[in-house]
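A short worksheet on the structure shown next.
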Amino acid sequence: MYLVKDISGAIGLMAVALVLLGTWPVVLAVLERRGRLPQHTFLDFSVTNFLAAVLVALTFGQIGPDTPETPNFLTQLAQNNWPSVLFAMAGGVTLSLGTLATQYGWAFVGLSVTEVMASSLKVVIGTTLNYFLDGRINKAEILFPGVGCFLIAAILGSLVHASNAADNQEKLANSLAKYSKNTRKNTADDEDLTKHLLNKEIPKDPEAAKPDAADQATEAPEKVEAGTAEFLVNLEEKRSIKVLGSHTLLGLGIVVFAGVFYALFAPALNLSTNDQWHALPAGVPHLVVYTAYFYFSLACLAVSAALNVWLLYRPIMAGVPASSTVSAYLRDGGEGRAPAMLAGMVCGLGNAFTFMAGQAAGYAAADSVQALPLVSTFWGVVLFGEYRRSSRRTYTLLASMLLMFTVAMVLLMASSNHRKPL
């Protein structure tokens with residue numbers, strides 16, 4: 001079994017994980033904006049996310065000597081380590097719920113704010129738990145000011161979303177006023193405004209929403225500039241989750257839900273690999289990180305598959321159409337399946353590298369990969385035109401949020417220390 005034994009190796013893995021974990025959300029957000037149902041995307045994503053854990057376990061988990069203290073992956077599958085296995089699977093359940101909520105959060109709140117708020121909440125709760133589980137190996141006088149900065153970043157994220165939502169509504173109101181001077185007095189009503197701009201029936205069958213190839217050939221697509229009212233309406237017509245006119249608190253509530261569940265998966269995996277509560281029978285070695293991650297990902301796959309098959313028939317969001325049957329998902333391959341599966345593999349490898357680094361340098365230090373929103377925000381601005389043509393207030397809040405997030409990351413990394421044997 002391959003083990004990371006030095007801080008420099010752990011930091012290298014964290015750096016790679018940072019890029020991977022900051023990139024996969026972009027792929028799923030692109031698919032949603034192109035109209036692919038989130039249920040279909042998440043099913044594809046979950047399969048390859050689990051395959052990544054299997055790949056890592058059969059490679060890194062089988063490299064090197066197989067000793068009684070650190071058995072290889074296949075050897076450990078037959079051992080009586082179920083208490084630790086259950087901790088790992090509990091972590092997989094919380095990750096699945098957090099990731100599912102995050103996918104809806106991207107639509108309602110935007111990629112940038114969703115990733116910052118969810119990651120900040122994960123650090124505020126999860127890093128604090130890991131600090132005590134790891135025997136307080138981190139420098140508390142540096143760690144907790146960093147955690148406080150994360151909390152401030154989360155608050156700023158909610159303010160960014162509220163300000164950007166107000167900017168978008170103002171853009172829509174101004175656009176409507178140009179074409180309907182006689183109804184200008186009604187533009188203050190968000191619900192009426194949205195209905196006026198989006199007076200189209202949402203098809204119940206997502207297959208019906210896809211234009212015929214002949215129609216696509218005859219239509220000359222217009223270039224719509226990002227940040228304009230026309231861009232917002234055009235995006236709303238294409239995307240699978242309808243969000244214009246929704247209440248600000250709905251999006252923020254989804255993100256808080258995701259952040260709380262994200263905060264629990266790393267402490268659960270920490271417990272499974274280090275057995276701080278002494279739940280294993282005497283003489284049974286701790287779960288190695290590869291075995292723990294295998295069970296973690298298996299539980300994540302099971303919960304994701306069950307929830308998303310159910311959501312095919314009973315979507316939880318009013319703006320998401322129901323899919324007809326599971327066969328509709330199987331037919332929905334096209335150009336969307338391969339990117340969704342690639343995103344699952346990227347996420348799986350990113351999580352694996354994070355846990356490998358956490359086992360070497362402490363899981364609280366490994367939470368430094370939560371700088372991933374800096375990567376996601378870059379992609380959100382470059383690819384999606386998020387915050388284009390927004391107000392000065394929104395730009396100021398966004399810059400303050402990212403600055404606070406960067407400071408928090410520096411403090412968190414500076415608090416790292418060598419793990420002490422339990």
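From the backbone N, Cα and C atoms, a Cβ is placed for every residue, glycine too.
Computed from a predicted structure; not experimentally measured.
According to TrEMBL, the protein has these features:
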COMPBIAS  199-213  compositional bias 'Basic and acidic residues'
REGION    199-221  region 'Disordered'
TRANSMEM  12-31  transmembrane segment
TRANSMEM  43-64  transmembrane segment
TRANSMEM  84-101  transmembrane segment
TRANSMEM  108-130  transmembrane segment
TRANSMEM  142-162  transmembrane segment
TRANSMEM  249-272  transmembrane segment
TRANSMEM  292-313  transmembrane segment
TRANSMEM  340-363  transmembrane segment
TRANSMEM  369-387  transmembrane segment
TRANSMEM  394-414  transmembrane segment
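Non-local neighbours of the transmembrane segment (12-31) in the same chain are 4, 38, 41-42, 45, 102-103, 106, 111, 114-115, 336, 339-340, 342-344, 346-347, 349-351, 353-354, 356-357, 366, 368-369, 371-376, 379-380, 383-384; each lies 6+ residues outside the stretch with a CB under 8 Å from one of its CB atoms. Long-range Cβ contacts of the transmembrane segment (340-363) within its own chain (Cβ-Cβ under 8 Å, at least 6 residues beyond either end) map to 3-7, 9-11, 13-14, 16-17, 20-21, 23-25, 27-28, 31, 36, 40-42, 44-53, 55-56, 60, 95, 130, 133-134, 137-138, 266-267, 269-270, 273, 289, 292-293, 297, 369, 416-419. Same-chain residues lying 6+ beyond the ends of the transmembrane segment (249-272) with a Cβ under 8 Å from its Cβ atoms: 84-85, 87-88, 90-92, 94-95, 97-99, 101-102, 104-105, 108-109, 113-114, 117-126, 129-130, 133-134, 154, 157-158, 161, 243, 287, 289, 292-293, 295-296, 355, 358, 363, 366-367.
The recorded stretches the transmembrane segment (84-101) and the transmembrane segment (394-414) do not share 3+ CB pairs below 8 A when only pairs 6 or more apart in sequence are counted, and are therefore not in contact. The transmembrane segment (108-130) makes no contact with the transmembrane segment (292-313), as judged by fewer than three Cβ pairs under 8 Å among residues 6 or more apart in sequence. Contact count against the transmembrane segment (43-64) (Cβ pairs under 8 Å) is highest for 292-313, out of 142-162, 292-313, 369-387. Within the chain carrying the transmembrane segment (142-162), a Cβ under 8 angstroms from the stretch's Cβ atoms is held by residues 109-110, 112-113, 116-117, 119-121, 123-124, 127-128, 131, 248, 251-252, 255, 259, 364, 370, 394, 397-398, 400-401, 404-405, 407-412, 414-415, all 6 or more beyond its ends.
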